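Trainee: Dropping the structure in here first, questions after.
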């Protein structure tokens, strides 16, 4: 059985960083990364990007050496992805922050609204309901991170945690400040508006959770298997008939409901920014599905049925 020689060059400078002799043909990129780490321990596997072309796409960890378009001497190009942090750590941090921050404003801790309002309580029912909904949303996200989500990639760049936390924590503080303010006024149409908004919020939260469970069941634990998601017996998953990423559809719907419930401009802006970002993610996933699966359902849109 012939063996391969693998040389790893810096993608920017073309400097030879490593030469691996007698590499097994069945070796995966993940195994090559581990061999590379032995000579360069500062670049652990999670921060390595190996590619066939300096400006090409990163090879997948599961790619097998002998199935790549290379000769018996394979040249791979290395890029440093920077310090990495686990997705679980990032999600727990960015979701725990809004939960804690919102409660600081809800309980009106000192130095927020003025001494006479310290630890006072709002007289408006919608304020208390909003706190319950907001807290439920982030507790749900934390529990899903721990017990539901299965990540195709174990890590992300460390810098992302600062960007993500600024977004989530900052908006949580901005929303909470106005909703829990002593001068806050309830929605224009009173209880009817609140009840309608609460129904939208609850339905979308249930839908979002249902989609996450359906996606979890598609991927066995410890694998990176990708399959086409289809509706199940759960009615909330039937949205898969129309969109590729119904979890994002339900997520946006939840925040629209929360915005209607509180009639708060910062919540509306948070919903708009979130919708914009999730649309970008949904379009990317939709393109990926179309490229990977030839029999992908043609009627689906990325995030909004029939439109977007």
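Note: Cβ is positioned from N, Cα and C throughout, glycine not excepted.
No curator has checked TrEMBL annotations; they are predicted automatically.
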Trainee: TrEMBL tags one of 256-281, 282-307 as transmembrane segment - which one?
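Mentor: The range carrying the transmembrane segment annotation in TrEMBL is 256-281.
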Trainee: What stretch, picked from 85-107, 166-184, 256-281, has the most CB pairs under 8 A with the transmembrane segment (196-215)?
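Mentor: That would be 256-281.
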